[in-house]
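As recorded in TrEMBL:
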- Asp17, Gln92, Thr93, Lys94, His95, His96, Arg187: substrate binding site (BINDING)
- Cys59-Cys73: disulfide bond (DISULFID)
- Asp124, His334: Mn(2+) binding site (BINDING)
- Cys146-Cys149: disulfide bond (DISULFID)
- Cys294-Cys317: disulfide bond (DISULFID)
- Cys299-Cys403: disulfide bond (DISULFID)
- Cys338-Cys347: disulfide bond (DISULFID)
Amino acid sequence: MAQARGISRTLLVFSHDYYDDDINDLVQSIDFCKVIQIFYPFSIQTHPTEFPGADPGDCPRDIKKEQALLRKCNNALHPDLYGHYREAKFTQTKHHWWWKANRVFDQLEVTKYHTGMMVFLEEDHYVAEDFLYILELMFRKSQDLCPKCNILSLGTYLKTFNYYTYNKKPYRGGWYPGNAAKVGTVREGLQASSALREQGSFGSFAGSYSTLSRSQLKDAARRIRATVDVSTLLDQNQKTLRRSPPDLPAWYDRPQVALIGQSAAHVEVTPWISSKHNMGMAFNRTTWYEIVRCARHFCEYDDYNWDWSLQHVSQQCLKQKLHVMVVKGPRVFHIGECGVHHKKSNCESNQVISKVQQVLKVARGAQQLFPRSISLTQTSVIKKTKLRKGNGGWGDQRDHQLCFNMTLVGR
């Protein structure tokens, strides 16, 4: 992120659900942009034995409702739609995202009057150096290319995609390989938001990394985000000539890591789908106000994932459903190894980071970063999205009320 063009004009807001002096000191040592930290006030750490933490009087997750009623535990009347009772460590992810979004849009003094876009990233994301530049291009062109789009996305969850539009065409010294690369991730924990101070759009960033299998991708929880305000980032004086890319690294032939897809200057328009378009997503205050008007739908939907809950809001409450403009050449990569749903003995991500850096090196040499313009490719036609049954974990009315209370300014 330190190498991103325009980052020095960005306010980076880290939103924490865990207090740790070493982490806080590390954040404060950032010197490439302005930084502020905010702390989720209803965390498990600060409420270990009372709601919204795990109250000893709460019902065990797997107890039957009949037994819970006989035991008279706190939430006996309100299991989720699968008959399970709440688990604090999972409910916290949705609470934290909703609190942070409310905090940055409506309550934090330095950001609550911002009128540009808000971009949401996570702590296990690695960004290309032109991610702010691309965001600005998309923001400027969105009214012309897609007036109904109310979300921009800098990343995708495509399982395979090629970097070069001229795939398998010869260049001096060899051929571009035709196979694509794969990546998957899950995210949790530290949140971060960033905000540029002039005009443009908001975004967020965070920092631990993970690569998962195809099956793991399906249930990866989409977590914790924040905000960046992108201003005039375009370098009008930049005039670069396309040149043949350098030799590709030896591992490029093998399906190991996601590459920047097809054309880095192309975007696609499609209905917003939580499992595909929540990475590096951006929206403005107008869209936020539409979402927050549907707070009851978000807060009472029986799913502990914030993104599935947002999908429910789009389908059941918004007058105009969420539509997204997605950059075909992702500027955000997942590099984490662990998360809420998946644990490994080794959570280090250095190997994945190294591969992503190699991918970006190839892209840089191929003059695929910092394109002069963007163009709309064929718009995706998606069948009408079926109403989805929630994943549960959110049946407790105390969670509903806490979530809704976060929309009240001043809390």
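Each Cβ is built from the backbone N, Cα and C atoms, and glycine gets one as well.
The structure displayed is predicted, hence computed values, not measured ones.
In terms of C-alpha distance, the listed recorded positions Cys73, Cys146, Cys294, His334 place Cys294 closest to Lys94 (substrate binding site). For Gln92 (substrate binding site), the same-chain residues lying six or more positions away in sequence with a CB closer than 8 A to its CB are Asp17, Tyr40, Ser43, Ile44, Pro52. When the Cα atoms are compared, His96 (substrate binding site) and Cys403 (disulfide bond) turn out to be 9 Å apart. Closest to Cys317 (disulfide bond) by Cα-Cα distance, out of the recorded positions Cys59, Cys73, Asp124, Cys403, is Cys403. Figure note: comparing Cβ neighbours within 10 Å for the binding-site residues His96, His334, the maximum is reached by His334. Annotation: Lys94 carries the greatest number of neighbouring Cβ atoms among the binding-site residues Lys94, His95 [cut-off 10 Å, Cβ to Cβ]. Checked against Cys294 (disulfide bond), the recorded positions Cys73, Thr93, His334 differ in C-alpha distance, with Thr93 being the nearest.
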